[in-house]
Every structure is written in C-alpha cells, then in structure tokens.
Amino acid sequence: MPNPSSISAPYPLPEEIRNLLADVETFVADILRGENLSKKAKEKRDALVKKIKDVKSIYLQESQDKGDAEDGEEYDDPFAGPPDTISLASERYDKDDEAPSDGNQFPPIAAQDLPFVLKAGYLEKRRKDHSFLGFEWQKRWCALSKTVFYYYGSDKDKQQKGEFAIDGYNVRMNNTLRKDGKKDCCFEISAPDKRIYQFTAASPKDAEEWVQQLNFVLQDMGSDVIPEDDEERGELYDDVDHPLPSSSPTRSLPIDDEIYEELPEEEEDGALVKVEGQRKMSQDSVHHTTGDKSTNYANFYQGLWDCTGALSDELSFKRGDVIYILSKEYNRYGWWVGEMKGAIGLVPKAYVMEMYDI
C-alpha cells in the first residue's frame, strides 16, 4: 500500500466524503478519547487518528503552499465547503486565542478582578481550525466589563486569552453558524473591516440575553449621555469652595441634604420624611415631562439583574421588575430616578433596560 504522504491530491474530496471523514475524526479523536479503552483498542484508535491526519495533509498541503507563495493571502480550504460572507470574514480575522487581539490594547487582568461586569458566563467561541470541519468551537468564560468584551479559558484564569472593545460593532443572532441542535443558540459580533466574533450560548434564551445586553450597552454609548467637556469640568472644580445649588449634586451619589426637601412638622418619622421628600423632588423635577404614564412608553424600563439599594435613597428591585423612570437628572453619574410600586429612588442605569422598542 503506498504511503499516503507521497500521494498528491488530484482533485478535492466530494462533500459527502468530507462530511463522513469529519464525523469519523470527531468520533475517534474526541469522543473515544474520554472512553476507558483497552491497550489494543487505544493502539487502533491512535493508528486511525494518524491515518486521518495523513489524508488531511495530502489535501491541505498544496493549498497551504500556494498561500505561502502568494505572501500570506488566504488559501482555499478544500474541506471548508461553499464560501459565504460570514465564513470568509471569520477566516480573515479569527486568529488563535493566544494571539494578541486588536493590537493587545488592554493590559492583562484576572477574570475575578474585572470591574463593573454587566454580563458573564460560559460560551463556545468559534475559531479557525485546519480540520475537515474548517472550524472548531472552544469553551470560553466570557465577560462584558463596561464596554470591553473579555474571554478566558475559565473564570479562574489570571489573564484573558483575548479581548476587544465593542464600540463600533453590531450584534445579532445567527442560526447559520451551526447545523446541529445549537444552531438557535448562536450570535455574532461584527463590524466592517474588523474581526468577527462568533459564539454559541447554552440556550437560545441565554444567547438572546447576551445580544440584548450588548445592544443595550452599544445604544447607551450612542445615547444622550451628557459629555463632560472642559467647561463643565471647570465648573465642577471652580465651585469646590462654594456651596452648589441644591439641584446640582456634588458627588456621584447625592447626599441626603441635596436631594431631600425639608418638610416642616413631619420630623417624627425620619424615614417617612425622606421618602416623601424624595418623591416630591422627583415628581417636581419631571412633572412637566412625564405626562400620562399609560402612553409614555419610552420611560418604562425593566430590571436586568437583582439590585439591592445600599442606601435608603436607592431603589431595590429584581430582574424583570417594571420601573418607571421619572428623571435622568443624574445621568452623568450613572443614576436615574425611578418609581416602582409607589416607591421612588435612585436607579443605576446600567441595571435596567427599555421595555419597549420604540
């Protein structure tokens, strides 16, 4: 029998053969690896794996040599199947996890040290692999920290395998990435002339939550966030030695004297006075804009996560709770004033999202 490595590939393998060999490779190299095999069976398995690699080398070598000769241009993978725009983009931009991503613009950080994590969990990340399938899915612990998407080998890793800023990207569900039972669990993060990132979540619901959270942050980045320009920054520092008007908070979390109005002759119950004063402040500040709540859908938000107020002026709510936003006066500090079930308090804007797509 001739040595497989000495045979040249006269033509690409038919698609049916590629699919069959891909299934055999997965079964032999991955599934059987976790089985308790006898010594003889292991030897047979290893021999079969070697034969598969020899066959792969025949059909990949010519294409790889051609790609090298053309100074790094993409080679045509005979096992990749018919090209599509998604696959071509993935092949162009999806490098090994260990390679620096996007110029390595973020310093190494442990998974447990990430600040302000908005969404985190295990996902399968798609990467290019020189196998019959053309791609492989790797389990990664992913986290959205502020506006940066990090991915790790596990949630205990001391350094990320890669990361990228989501600014300028688009996020959408994509059920064409897989043909198995997880096809409805896939989503991708893409942008023109940038690397495309493709992931599989544990369930369609989890994938939708990732897409929802990423889109929320992207929309928030382009929303009416008050810019802190030089003039505003100067006003803040110039007025340090002088008292500010009661309507302008001096720190990110307004103190009681700044947001609660004095209510005479109601000092017996301090908590009640604060709540009523806060309610009056909020209602007075937004009375001219709220209008009829039954039709003012843009002000209805819902909780993304459980939130327990650390101070008495902060609203506590659970994931899915409906909150009516009364004011965005403290938007620059990351806080809004909301009302839920008659209670009024400060709401961290990163913990809520719009209920209605208007």
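Start at 1 and count along the chain as shown; that gives each residue its number.
Heads up, the Cβ atoms here are built off N, Cα and C, so glycines get one too.
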Candidate ranges 94-116, 232-254 [criterion: Swiss-Prot lists as region 'Disordered']: 232-254
DSSP-derived helix, strand and coil totals, residue by residue, for the domain 'PH' (116-219): 19 helix, 45 strand, 40 coil
Residue among the modified residues Y151, Y197 whose Cβ has the most other Cβ atoms within 10 Å: Y197
Whole-number mean of pLDDT values that fall within the domain 'SH3' (296-357): 84
Pairwise CA distance, Y151 (phosphotyrosine) versus Y197 (phosphotyrosine), rounded so that it is a whole Å: 11
